[in-house]
Amino acid sequence: MKTLLLLMGLLLSWESGWAISDKELQEMSTEGSKYVNKEIKNALKEVKQIKTQIEQTNEERKLLLSSLEEAKKKKEDALNDTRDSENKLKASQGVCNETMTALWEECKPCLKQTCMKFYARVCRSGSGLVGHQLEEFLNQSSPFYFWINGDRIDSLMENDREQSHVMDVMEDSFTRASSIMDELFQDRFFLRRPQDTQYYSPFSSFPRGSLFFNPKSRFARNVMPFPLLEPFNFHDVFQPFYDMIHQAQQAMDAHLQRTPYHFPTMEFTENNDRTVCKEIRHNSTGCLRMKDQCEKCQEILEVDCSASNPTQTLLRQQLNASLQLAEKFSRLYDQLLQSYQQKMLNTSALLKQLNEQFTWVSQLANLTQSDDQHYLQVFTVNSHNSDPSIPSGLTKVIVKLFNSFPITVTVPQEVSSPNFMENVAEKALQQYRRKSQEE
């Protein structure tokens, strides 16, 4: 009824060309403030929804971490078996050495030529230096190293070190971010609901009741060092939230600032050319991936020394079995590590949403420390009747959200429209949020 009387009064004033009275502007401000109040409630509700999503993502991360730990244990067991078999084989490497050495001398030229062709075609830069480095590497390598797939073992060990490093970095980021988020989400603002469903005033003085914090909580004592009967300073209460969200996001993104980990594949394929080029430049081991393309190199792998030393054949079989198992679990670990990294990216994105959604409300509320519930104040209203420069059918309104900068809004409606002030308030909030994000 009150809204209807307001519209009737505005319509009569409008058609008569009268200026809108202060009382009518005040009533329009009240109507617009109701919309702003609703949007603030929605924003705070979305903040809590994002918080729930972050918690769900963290639970998924914990399950994934258990799978990672299990895969790591199996991978390490297989690596230990591989190293054990390798050491036992090294103790008897003199067997068949003459046969292997002869084949190795024929294998090296083919391997070098094949590798350099690949490098010139795919990797391109620094072929001369790489060629010299490869020559030294092949001359210093033994056919026995080749025979026991030493390159695969070395690659596996290097990958294991990188995996451990990446996991440590990500866990450190998660631990620091989780500590901050635990403090942020514990039974305070995020667990309380508005008690006044008719008019929610999160920016009023404390005598209305704290809607966010349990005053007895440690966090509440930290951010509310003043007596409850003193005026409510929104900035003092919400600034810790803002700071903590920002700190959590920084912690989560820390690992992304470091050198990214390229998840390798164990086979030589066109899809991992970058990894092969890196290995060739680093220590030439990438060239050994091309042994399948050289006949004499393949013959070394097929040398059978069982006649001279039967136990060596068994040891080699054990080595190959444990090596394949270690490679299998290393690939599984890489897959889980990628999923874990994706959880970090998802959490970081949610923290960004939380930051953006929370910031505009806290910035808006920080503009006032009074008990005035008029979040939106209407200062002037003009249409074609009062200002001929305004096109017919449009209404120009100047408002303020609290004591912010003046916001000019133009809506394709007459003042008498039932949802006029709701549309004005919506456009004003949109402008305010855009400007807040730009700052």
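If you go along the chain as it appears here, the first residue is 1 and each next one adds 1.
Glycine residues also receive a Cβ, built from the backbone N, Cα and C atoms like all the rest.
Copied over from Swiss-Prot, here are the features:
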type     : residues : note
CARBOHYD : ASN80    : N-linked glycosylation site
CARBOHYD : ASN97    : N-linked glycosylation site
CARBOHYD : ASN139   : N-linked glycosylation site
CARBOHYD : ASN283   : N-linked glycosylation site
CARBOHYD : ASN320   : N-linked glycosylation site
CARBOHYD : ASN346   : N-linked glycosylation site
CARBOHYD : ASN366   : N-linked glycosylation site
MOD_RES  : SER127   : phosphoserine
MOTIF    : 72-75    : motif 'Nuclear localization signal'
MOTIF    : 433-437  : motif 'Nuclear localization signal'
SIGNAL   : 1-19     : signal peptide
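Checked against ASN80 (N-linked glycosylation site), the glycosylation sites ASN97, ASN283, ASN320 differ in C-alpha distance, with ASN320 being the nearest. Sequence-distant neighbours of ASN346 (N-linked glycosylation site) (same chain, six or more apart, CB under 8 Å from its CB) are THR57, listed in sequence order. Across the range of the motif 'Nuclear localization signal' (72-75), the DSSP-based residue counts are 4 helix, 0 strand, 0 coil. The C-beta environment of SER127 (phosphoserine), restricted to residues of the same chain at least 6 apart in sequence and closer than 8 Å, consists of MET116, TYR119, ALA120. Counting only same-chain residues six or more apart in sequence, the Cβ atoms lying under 8 angstroms from the Cβ of ASN283 (N-linked glycosylation site) belong to PHE137. For the glycosylation sites listed here (ASN80, ASN97, ASN139, ASN320), the lowest count of other CB atoms within 10 A around the CB belongs to ASN139.
A mean pLDDT of 94 is what the model gives for the motif 'Nuclear localization signal' (72-75). Here the C-alpha separation of ASN320 (N-linked glycosylation site) and ASN139 (N-linked glycosylation site) works out to 25 Å.
Distance from the CA of ASN97 (N-linked glycosylation site) to the CA of ASN139 (N-linked glycosylation site) is 16 Å.
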